[in-house]
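Chemist: Below are the structure tokens for one structure; questions will follow.
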Amino acid sequence: MCTLLLKGNVIMEEKKLRQYDFITSIILLLFGLWELTEAFKMPMKESYGGVQSTWYVSPALLPLFIGGGILFLGMILLINSVKTGGASSFIEGVKHTKSIQVSEKTKRIFTIVLGFASLIYLYIPRIDFYLSLALFLFFVCSAFYADNEVIRKKITRHYLVVCLIFIVLIATGLDAVLKGILKYNMDILILLFLVYLNILSRVIGKKLEIPSKIFRQVTLVSVFVPLALCPLFRYFLLVPLPVEGGIIKLMNLIYYTIR
């Protein structure tokens, strides 16, 4: 009896692993395609000061190699998952449950990935560097510092909605329209969202009887850590910041006035 149960557990575990192979292969294929798409946007040949550059010194070679390798590995993993039944097992599981079961650990990883991805690809290239860091720190700290799944899920849900709104603004060109009205309009929107997240976390925390000092500490970290890092990079290490919006311009004004 014990042997049968053990064999059954091994089969179930093997089935799950094959399903994970299928999911991983899809992720690798999508990432590989994205990497290749970005690489093909880079110039293969260019002229610098009248000197023609050749393809084998192009900056596109490394991402092409990486993207191609990831795509190749994803294809191998996909073929293997189809052969071993992982793909069919995953599809049948989705049909049976009508939804994909996601573990709590995976959801926590998603929260972290969402924070870093939005920081790197959405906010740092377009929003004042101080505000980008402050928003990222507040989101991640408020989601995890309280060690409460309810608040993590709610904060993540609201943060994701705003990220989607931000993407829509960029895709439709409305961000340029807003900047045309007032240069720092996008910075103001992010600042308002940061204030909204702060209020939301405190309201949820009060309902869940989470000590208010936790959110005070999160607020202090999100305000003062960027306040220390930005001047350090900008004025002492002389490193230009990606986007110097309203907050950094104000820092510049204060710094050069005092100096």
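We number each residue from 1, going along the chain as drawn.
Here the Cβ of each residue, glycine as well, is placed from N, Cα and C on the backbone.
According to TrEMBL:
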| type | residues | note |
| --- | --- | --- |
| DOMAIN | 23-178 | domain 'DUF1468' |
| TRANSMEM | 20-36 | transmembrane segment |
| TRANSMEM | 56-79 | transmembrane segment |
| TRANSMEM | 108-124 | transmembrane segment |
| TRANSMEM | 130-147 | transmembrane segment |
| TRANSMEM | 159-182 | transmembrane segment |
| TRANSMEM | 188-205 | transmembrane segment |
| TRANSMEM | 217-237 | transmembrane segment |
Chemist: If we call contact 3 or more Cβ pairs under 8 Å (sequence gap 6 or more), are the transmembrane segment (130-147) and the transmembrane segment (20-36) touching?
Modeler: no
Chemist: By Cβ distance under 8 Å, which residues at least 6 away from the ends of the transmembrane segment (20-36) in the same chain are close to it?
Modeler: 63-64, 66-75, 77-78, 80-82, 84, 86-87, 89-90
Chemist: Below 8 angstroms Cβ to Cβ, which residues of this chain, lying six or more residues outside the transmembrane segment (108-124), approach it?
Modeler: 131-133, 135-136, 139-140, 143-144, 152, 156, 159-160, 163, 166-167, 170, 190, 242-243
Chemist: What mean pLDDT score does the domain 'DUF1468' (23-178) have in the model?
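Modeler: A mean pLDDT of 79 is what the predicted model shows over the domain 'DUF1468' (23-178).
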